[in-house]
Amino acid sequence: MSSMPTDHVPPGDDPEDGAPILDVRGVSVTYDDVQALDDVSVSLRAGSICGLIGVNGSGKSTLFKALMGLVAPQQGTVELFGRTTAAARRAGLVAYMPQAEEVDWTFPVSVSDVVGMGVYGRLGAARRLRPADRAAVGEALERVGLTDLGRRQIGRLSGGQRKRVFIARSIAQDARLLLLDEPFAGVDQASERTMTALLRDLREEGRSVLVSTHDLAGVPEFCDEAVLLHRRVLAHGHPAAVLTQGNLARAFGAAPSDDDPRPLHPAATGES
Amino acid sequence: MDVLAFLVEPLQYGFLTRALAVTVAAAVVAAVLSCWLILMGWSLMGDAVSHAVLPGVALAYIIGIPFSIGAFVFGAGAVALIGIVRSTTKLKADTVIGVVFTALFAAGLAIVSATPSQIDLMHILFGNVLGVSSGDVWQVLILGAVTLAILLFKRRDLTLLAFDRTHAHVIGLNTRFLSALLLGLLALTVVVGLQAVGIILVVAMLITPGATAFLLSRSFDRMLVIAVVLTVAASVTGIYASYYLDISTGAAVVLSQAIVFAVVYLVGRPDGVLWQARRRRPGSPVGGRRRSPDAVAAAVAPRRGADDAATSGA
Ligand SMILES: Nc1ncnc2c1ncn2[C@@H]1O[C@H](COP(=O)(O)OP(=O)(O)OP(=O)(O)O)[C@@H](O)[C@H]1O
Ligand SMILES: [Mg+2]
């Protein structure tokens, strides 16, 4: 982490010959009467780490859901690797790292069981791991430094180790696009550094990462580009160009919406 | 009377060997299914499906078709109805389940009461395992074997579904199909189990073995094995208890399972309730060993996040 990646150029051997990894065009998502995304367009090229920034309720998780095909936009289109989201999913190109509170940590599965779930997409109907798949799981565990803990039940890990299990799962999957929704929430500085180093290694292999984060200070060092979201895309580009005083004031200062009370009346609701 | 005679005597009666076969077969299938059911948080769904089959069983008797067809149609129908109401309203799942299954159960009672001479309600509700014919036995064995085979063949997908549905979706699995499959197998398991213990107590077979095994397991495959072993032991014990103590077979089987659960809950694991109580007493011999060896190792391991403290006690 010596210097800022001022001009990170995506690798030229882009397997999708220049087609964007992720192409969101004019997407609007409305839940009942709440508009979560309004005419959002974002595109991302191979081999970059893109930070997704915005206040609580600005639509970050909704954008992830749209990318995974978990919500259907009322308007607009989402393409991944030049295909529909469903086709990209079936090809095993996308990995999602769940937020800690979405995971049942009491579930009787071991660390290597979970990482093994990364390869299910390319297995037969019974999902029996072949020797090559076991090797891929072992390699993934090694890369995240969890080799010795493979047999542990997942709840018996520290917060930082838990996150690395899911990074290992996307490595075993060999996903080309990693979607991480607030991976640094509740993680200490040392663990965050370990994870960002890992993600940057994955980026060097030509994988792409879309990561939502509240750690604004870490963005310029960690991310190649940033998207500032507030129901619409307020800014998209180099982190330094996105994280200007003016933009941040627009995104965090004067929240115009009634369903996003945090910046204006902090004690109004417990929603997050 | 020596032990061998004690064990062999009941088996001289054909009705008891048939009861044993039906109960053990049903219990094994239910125990395997229960492992996923409790991890999905679907215990209430088991309750719902088992009650909802009543009109199906009653109608099957009236029309004269195998009861399992009627039961399956209504069990699967209840699941579908719950799914439809749930996805088209903002009601919570337990509310929808409560409305649908009580309605179907009441419909079943109404049908039975309108045709009192043909159907023995007590047998449907509480089972009549001592009265099963060899045809019934075959029906249970075949349906049970099919259900078990599908469950075991798809076990990795079902475990993934229970653990991380989003990941299953993201890697291109059909999560709707898998949910529907598990619910369909639930309906089949109810059909298999109601012969043994009736539709009220089949719920216990669908929940208790998984719950007991969960307390003892850190891996899913182990959980399956433990659930099956314990449920077989409890079923056999229940049948013998019912023979020697002259109590209802269904009740004896379910009580045996509950006793196994209670024993495991109290003393069956290092953090069992009784051990914890002993440890809390000052000066007790195990007073110093508050943590499992793993937790101690975790605590002394160098360079770890502050969140260790939160996890090591778990
Ligand atoms: N399932 C839902 N039903 C109704 N409204 C929803 C739902 N999910 C999100 N919303 C609303 O959509 C808006 C965007 O929510 P979203 O979860 O995408 O925000 P976010 O940027 O991820 O917030 P956070 O930083 O708190 O995670 C919010 O106003 C939220 O209340
Ligand atoms: Mg969110």
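Just so it is clear, glycine is given a Cβ too, placed from its N, Cα and C backbone atoms.
What TrEMBL says about a protein is an automatic prediction, not a curated fact.
Taken from TrEMBL, the feature transmembrane segment covers B:20-39 (among others).
If you look up TrEMBL, you'll see B:59-84 (among others) marked as transmembrane segment.
What TrEMBL lists as transmembrane segment is B:96-117 (among others). Same-chain residues lying 6+ beyond the ends of the transmembrane segment (B:96-117) with a Cβ under 8 Å from its Cβ atoms: 44-45, 47-49, 51-59, 62, 74, 78, 81-82, 85-86, 89, 124.
Taken from TrEMBL, the feature transmembrane segment applies to B:137-153 (among others).
Same-chain neighbours of the transmembrane segment (B:173-191): 26, 29-30, 33, 36-37, 40, 42, 45-46, 49-50, 53, 68, 71-72, 75-76, 79, 143, 146-147, 150-151, 154, 157-158, 160-161, 165, 199, 202, 206, counting only residues six or more beyond its ends whose CB sits under 8 Å from a CB of the stretch. Per TrEMBL, the feature transmembrane segment maps to B:173-191 (among others).
Summarising the annotation, TrEMBL assigns transmembrane segment to B:197-216 (among others).
Look at TrEMBL and you will find B:223-243 (among others) tagged as transmembrane segment.
Taken from TrEMBL, the feature transmembrane segment applies to B:249-268 (among others). Tertiary proximity for the transmembrane segment (B:249-268) is limited to same-chain residues at least six positions away from its ends with a CB under 8 Å from its CB atoms, namely 19, 23, 27, 126-127, 129-130, 196-198, 201, 204-205, 208-209, 211-212, 215-216, 230-231, 233-235, 237-239, 241-242, 274-275.
Here TrEMBL flags B:281-314 as region 'Disordered'.
The compositional bias 'Low complexity' annotation in TrEMBL covers B:294-303.
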Can you tell me which of B:20-39, B:59-84, B:137-153, B:197-216 gets the most C-beta pairs within less than 8 Å of the transmembrane segment (B:223-243)?
B:20-39
